[in-house]
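K.L.:
I grabbed these lines from Swiss-Prot:
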BINDING   HIS31, ASP58, GLU62  Fe cation 1 binding site
BINDING   GLU62  Fe cation 2 binding site
Amino acid sequence: MKTINSVDTKEFLNHQVANLNVFTVKIHQIHWYMRGHNFFTLHEKMDDLYSEFGEQMDEVAERLLAIGGSPFSTLKEFLENASVEEAPYTKPKTMDQLMEDLVGTLELLRDEYQQGIELTDKEGDNVTNDMLIAFKASIDKHIWMFKAFLGKAPLE
């Protein structure tokens, strides 16, 4: 049995633990601060996203532990190591602005997951690779759906 000792994979996964923690806070902010048309539909959708990405974060952290890593576990570590940025909502935003922000973060995660897929494929870490492929597929679908909500094509 091959042992996964890649520092690169461990660093990548830890970076995603940080990203996913910051992202779940952003989803919660959208959930709390959304107003206007489509409120009921999108408010419920944010509940679903919050759960999904919370589960992703847990799976990534547990995979990191399984390969001998140590996931970040403090707010300070999350903020210092995430490429997903905090986004304080200090003034009201339209539903479209909130969804554009959400799509931007989803696209960042999608692109980083693609890098992780390539890294883990090169290293022969099939378990992590499969996990990232599944997560990326879900993100691709969310991007398509939210862009459709915004009246845009998926690759626009």
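Placed from the backbone N, Cα and C atoms, the Cβ positions cover glycine too.
Quick one: how deep are these features, and who are their neighbours?
P.N.:
Secondary structure at ASP58 (Fe cation 1 binding site), taken from DSSP and collapsed to helix, strand or coil, is helix. Shown in sequence order, the list is empty: the chain has no residue 6+ apart in sequence with a C-beta less than 8 angstroms from the C-beta of ASP58 (Fe cation 1 binding site).
Within 10 Å of the C-beta of GLU62 (Fe cation 1 binding site) we count 12 further C-beta atoms, all protein chains included.
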K.L.:
Can you check which residues sit near HIS31 (Fe cation 1 binding site), meaning Cβ under 8 Å from its Cβ, same chain, 6 or more apart in sequence, and list them in order?
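P.N.:
Correct list: HIS43, MET46, ASP47, TYR50.
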